[in-house]
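The annotation transmembrane segment is assigned in TrEMBL to 52-72, 98-118, 124-146, 166-185, 216-236, 342-362, 368-386, 398-427.
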Amino acid sequence: MFTSNSPARIMEKLKNNLVFRSKWAEVNGAMGDLGTYIPIVLALTLAKNLDLGTTLIFTGVYNIVTGAMYGVPMPVQPMKSIAAAAISGGSDFGIPEMMAAGICTGGILLVLGVTGLMQLAYKLIPLSVVRGIQLSQGLAFAMSAVKYIRNVQDFSKSKSKGVRPWLGLDGLLLALVCAIFIIIVNGGGEERESDTDDHHEEEINRPRRRWRLRKIISSLPSAFIVFLLGVVLAFIRRPKLVKSVQFGPSSIGIVKISKHSWKQGFIKGTIPQLPLSVLNSVIAVCKLSSDLFPGKDFSATSVSVTVGLMNVVGCWFGAMPCCHGAGGLAGQYKFGGRSGGCVALLGGAKMVLGLVLGSSLVMVLDQFPVGVLGVLLLFAGVELAMACRDMNSKEQSFVMLICTAVSLVGSSAALGFVCGMVVHLLLKLRSCTRDEACSTSLPCTRATTTP
């Protein structure tokens, strides 16, 4: 019998965390986060000369390590507020400032995790507020996805360049066909186990040929097929890509950060990013993982520490500031990711591409059909938003929707969080005063039930 910390026990746990639940489903799930990852990485590479090869190598290592640690498709995503500041900040916010922002954010998250303050916040923040943050993030992803599908995008300037034409290798018709294909294969998403018993009986009672056809269709790796189609179309759109690709990794060096860069990075990058990282990258991820994977509850401490270490180490070498994200987890789950092997496979692919192609891969990504990326991002956003359907009372739904509305309109998860917490506390105070009034009045005329 193994002790809890014996090497044999640790190896057994790593093996269980990385084993595929279903080969094609896990491969398909690995594509579920690319709708967020590729556009941001491509924009930073084109606009700020981000070292794509180094970023691929480091994020690949992060994927493998987190997959082995957690045993679920824990995503590795760009820090969106820092990326937005870099893309829109002009020459005042370049690579040194971006890396400084990532190091500062990671250092704060590391301290919050080690001291246990993150776990305390996880316990104190009500579920309705967390669901509000998740819903706003999911809807934000979905709205961005619709923009990708409808409009031609210039990622280097983070702007749209007009309505996307219906026909062509990156036309609106292609995106619609991909979306219809994914809906036919995946449907509206997998229901929880408690909801599937009656559905399973109905499937057995259907004609055997029809049931077998549906099983074959549902087993297709839809996201993987769509992604491969995008890669093929990228080379068709620009055949000279084959000749322009250079083999070999990028040279990795330490980024020099001046005092001015530290200051600008903290003010313009860390301050807006930190609330989003705390809420969406740690707390919302822990809540969502417990919903999607019962029995695999992770402490906010461990998730906060892993996010912190990723950036405290990688940003010094020019790797893009990264975090976990509830949207990426929902997207990978939507397309079939159920184990750590899903993201470990994605991480291995990133490392191979980073070592073999390096930064020359950006030329391929630049020709990848953006409408196809929009389709993948759309389903990831919808899956994240649907995690909020467990609000059981009108009061919980009210707090969630207030938090969502403020987050979306104010473009700030921090502002939505503050408003959600204030509304939650006001409702609790109102409930307490009503209960106290009822207990002191004889007889109590207050209704015992709410409409």
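Backbone N, Cα and C atoms are what each Cβ position is placed from, and that goes for glycine too.
Contact between the transmembrane segment (398-427) and the transmembrane segment (124-146) holds: at least three of their C-beta pairs are under 8 Å, each pair 6 or more apart in sequence. Cβ atoms under 8 Å from those of the transmembrane segment (124-146) belong to residues 35-36, 279-280, 283-284, 287-288, 325-327, 330, 374-378, 380-388, 390-391, 395-397, 399-404, 407-408, 413, 416-417, 420-421, 424 of the same chain, restricted to positions at least 6 beyond its ends. Sequence-distant neighbours of the transmembrane segment (342-362) (same chain, 6+ residues past either end, Cβ-Cβ under 8 Å): 18, 20, 26-27, 29-30, 33, 42, 45-46, 51-57, 59-64, 66-68, 73-76, 244-250, 332, 336.
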